[in-house]
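These notes are about the structure you will find just below.
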Amino acid sequence: MQKSWLVLLVACLGLQGTTALTLHRRDLPAVVSLDIKRNNAVDPVARDRMRRKRDKTVEQNLDNEETLYFCNITLGTPKQSLRLVLDTGSSDLWCNAANSTLCSSRDQPCNASGSYDPSSSSSYAYTSSDFNISYADGTGAAGDYVTDTIHIGGATVKDFQFGVGYSSSSAEGVLGIGYTTNEVQVGRLGKSAYANLPQAMVKNGLIQSNAYSLWLNDLGADTGSILFGGVNTEKYHGELQTLPIQTVNGVYSEFIIALTGVSLSSASSHHNYSSSDALPAAVLLDSGSSLTYLPNSIVQDIYDDLGVTYESSSGVGYVPCSLAQQNINVTYTFSSPIITVGIDELVLDAGDLRFRNGARACIFGIVPAGDSTAVLGDTFLRSAYVVYDLSNNEISLANTKFNSTKDNILEIGTGDDSVPGATQVSNPVTSVVADGSGARIGGPTGEIFTDIPSATSSGGAAAPAGPTDVPKHLVLGAAAIGYVLAF
């Protein structure tokens with residue numbers, strides 16, 4: 001594959017505003033491109049709970065296996081290969097130590113994602129024993145912060161800091177690329193931030209600005225990509241529109257924006273939920289969450305209109321798999337930008353699960369948020385092209401262009417209004433309260449991880465029975481039309 005920019009292929013794989021910006025086109029734009037790949041999660045809700053923690057571009061392809069996105073990197077000298085979960089909702093890169101309690105167990109659960117052996121790397125250096133991340137259900141990892149050389153596609157960053165878990169309950173390491181203020185040593189210990197991956201790329205001259213764009217592609221695609229330091233104009237429709245990121249307790253720590261409208265439409269009907277008392281709402285953009293978590297009242301209305309069966313013990317909504325063939329859209333409004341999600345992107349394979357009438361049951365990609373901040377996870381992000389501009393504390397959105405094979409890479413420059421072709425939304429809603437609650441993938445809970453609760457061979461742990469404080473009447477749904485799960 002020949003390209004005129006620096007490409008790091010790591011198979012991990014209307015409008016009112018200012019005039020659009022001058023495009024930053026160079027023969028050799030500083031970008032880093034990474035492939036990302038999707039992987040299946042047997043129980044996406046349990047997995048979300050377990051992993052919720054609280055002229056320069058780099059592109060990485062993303063591997064897509066329906067409910068989780070991975071990227072492949074190498075660490076150390078010589079190189080040690082790892083497959084990590086890409087997560088915009090956290091900020092630390094961490095991986096399991098080869099001799100960790102979990103990886104050393106009989107069933108060798110770390111084989112698929114790999115592990116890191118510091119003693120085998122000549123470029124390894126110990127930093128501290130401060131790494132300790134705990135998730136909302138008590139799972140987590142503890143160990144050391146270290147530095148070593150990271151290779152991500154064709155780029156190399158030396159003396160890169162990351163966490164190594166010697167005690168862990170997840171076989172899957174995480175590549176967190178959020179704000180440095182959300183790093184474990186900052187949030188839990190009050191220490192100064194270190195340069196995580198996007199910031200380290202800027203520091204090493206690989207990209208100009210601490211910004212990246214994410215293109216997950218559709219549910220049927222195996223791969224997507226993340227482009228550090230640039231945008232790919234062939235991956236979205238229309239224009240990018242820019243919104244301010246909301247602070248949490250006065251600090252920029254998570255990718256939270258204001259959701260102002262939600263609607264459901266088909267060829268024959270339209271249901272608008274924008275009058276709900278739950279809107280406008282603070283919503284977190286989180287690639288580490290498989291599903292989308294919306295305010296309870298909105299989910300109740302959607303479930304009623306679609307006939308979704310809510311199973312309270314697992315916290316999952318189920319629909320007939322045939323629903324994916326219907327011409328139905330869920331539309332999200334963010335002051336001005338409108339992102340449309342087709343129903344086929346919200347109907348997820350649940351294996352051989354069936355309703356009592358024999359119809360195949362699929363997981364519905366929207367579930368109640370309970371008391372936690374609403375989360376726009378992968379069932380939303382696949383339909384949106386998102387630019388995360390950490391330098392300017394802004395998010396730019398457009399509707400994704402599915403299965404595009406063309407590329408037009410433009411570099412994100414420095415300073416204000418640096419995202420190519422993006423326009424600022426005039427008078428965006430900002431009056432939303434973001435509490436940063438919940439340990440989404442990576443979001444530290446502030447608790448210390450001290451024990452490993454019954455890890456499975458895949459690194460999973462038993463999940464709570466259901467979402468916190470979800471109305472019991474959600475259990476109804478499709479039972480009224482004969483769709484009752486057969487257990």
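Cβ from N, Cα, C; glycine included.
What Swiss-Prot records for this protein:
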- Asp87: active site (ACT_SITE)
- Asp286: active site (ACT_SITE)
- Asn72: N-linked glycosylation site (CARBOHYD)
- Asn99: N-linked glycosylation site (CARBOHYD)
- Asn111: N-linked glycosylation site (CARBOHYD)
- Asn132: N-linked glycosylation site (CARBOHYD)
- Asn272: N-linked glycosylation site (CARBOHYD)
- Asn329: N-linked glycosylation site (CARBOHYD)
- Asn403: N-linked glycosylation site (CARBOHYD)
- Ala463: GPI-anchor amidated alanine (LIPID)
- 1-20: signal peptide (SIGNAL)
Asn272 (N-linked glycosylation site) to Asn329 (N-linked glycosylation site) - Cα separation in whole Å:
12
Greatest C-beta neighbour count within 10 angstroms, which of the glycosylation sites Asn72, Asn272:
Asn72
Work out the three-state DSSP category of Asn403 (N-linked glycosylation site).
coil
Check the Cα distances from Asp286 (active site) to each of the glycosylation sites Asn72, Asn99, Asn111, Asn132, Asn329 and keep only the ones within 10 Å.
none
Between Asn403 (N-linked glycosylation site) and Asn329 (N-linked glycosylation site), find the distance joining the two CA atoms and give it rounded to the nearest Å.
19
At the Cα level, what's the spacing in Å between Asn72 (N-linked glycosylation site) and Asn111 (N-linked glycosylation site), rounded?
14
Taking only the Cα atoms, work out how far Asp87 (active site) lies from Asn329 (N-linked glycosylation site), in Å, as a whole number.
26
Rounded distance in angstrom between the Cα atoms of Asn132 (N-linked glycosylation site) and Asn99 (N-linked glycosylation site):
17
